[in-house]
Structure formats: structure tokens, C-alpha cells
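Trainee: According to Swiss-Prot:
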- 1-21: signal peptide (SIGNAL)
- C51-C65: disulfide bond (DISULFID)
- R52: site 'May be involved in interaction with voltage sensor' (SITE)
- C58-C70: disulfide bond (DISULFID)
- C64-C77: disulfide bond (DISULFID)
- K71: site 'May be involved in interaction with voltage sensor' (SITE)
- W79: site 'Involved in active face' (SITE)
Amino acid sequence: MKTSVFAAILGLALFAVLCSGSELQEKDLKETLLSAIMETALEAQPEERECRYLFGGCKTTSDCCKHLGCKFRDKYCAWDFTFSK
């Protein structure tokens, strides 16, 4: 009787160890897949550029913020003499 109880407890302990090991592997797999999906999603989104503020360096007028234009000679953003409403 003692032997069968000991064998049953040993079997349950072994089963618990195996289940926890497979659960850890499954959790690690989920984390790996989630991080791969997040990286792919971040790469797929276009990067938004911030506009250049007053006296910021620029190459074209589209680099500058609203109501600023790129001065061709010195290549900096300056007021383009427009007003907002």
C-alpha cells in the first residue's frame, strides 16, 4: 500500500513538472510571436517627420512648419509672411 501511494505521488509530481515545463515553453512562444508581430507592425507604419521650427535647417519648404518657408541661400526656416485665421 505504501508503495502504490508513493508511486501515485511520484507520478503526480512528475506530471506537474512536465506540465509546468510545457506551459513555460508555450508562454515563451507566445511572447516571441507577439514581439515579432509588434516589430512587423512598427516597420509597416510610415515614419512621421517633425517639421522644422523657426531658424531650423532645411532643404525644401516642405521640411518647415506651417507659415514657414525654406530660405534658399542660407537653408533655414523663416516666416513666409502668411497668417493663420
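Including glycine, each Cβ sits where the backbone N, Cα and C put it.
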Trainee: At 10 angstroms around each C-beta, which of the recorded sites R52, K71 has the fewest other C-beta atoms nearby?
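Mentor: If we count Cβ atoms within 10 Å for the recorded sites R52, K71, the smallest count is at K71.
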Trainee: Compile a sequence-ordered list of residues in the same chain as C65 (disulfide bond), six or more apart from it, whose Cβ lies below 8 A from its Cβ; state 'none' when nothing qualifies.
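Mentor: Residues satisfying the criterion: C51, R52, Y53, L54, C77.
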Trainee: Just to verify a number: CA distance, C64 (disulfide bond) to C58 (disulfide bond), in angstrom, no decimals.
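Mentor: The separation of the Cα atoms works out to 7 Å.
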Trainee: What is the total of other Cβ atoms whose distance to the Cβ of C77 (disulfide bond) is within 10 Å?
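Mentor: The Cβ of C77 (disulfide bond) has 22 Cβ neighbours within 10 Å.
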Trainee: State which of the following disulfide-bonded residues has the fewest other Cβ atoms within 10 Å around its Cβ: C51, C64, C70.
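Mentor: Result for the disulfide-bonded residues C51, C64, C70: minimum number of other Cβ atoms within 10 Å at C51.
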Trainee: Across all the protein chains here, work out how many other Cβ atoms are within 10 Å of the Cβ of W79 (site 'Involved in active face').
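Mentor: The answer is 11.
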Trainee: By the DSSP assignment reduced to helix, strand and coil, which category contains K71 (site 'May be involved in interaction with voltage sensor')?
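Mentor: Its secondary structure by DSSP: coil.
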Trainee: Going by DSSP, give the three-state secondary structure for W79 (site 'Involved in active face').
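Mentor: SS state of W79 (site 'Involved in active face') = strand.
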Trainee: For C58 (disulfide bond), what is the tally of other C-beta atoms lying within 10 angstroms of its C-beta?
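Mentor: Its Cβ shell of radius 10 Å holds 21 other Cβ atoms.
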Trainee: Measuring Cα to Cα, how many Å separate W79 (site 'Involved in active face') from C70 (disulfide bond)?
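Mentor: So the alpha carbons of W79 (site 'Involved in active face') and C70 (disulfide bond) sit roughly 9 Å from each other.
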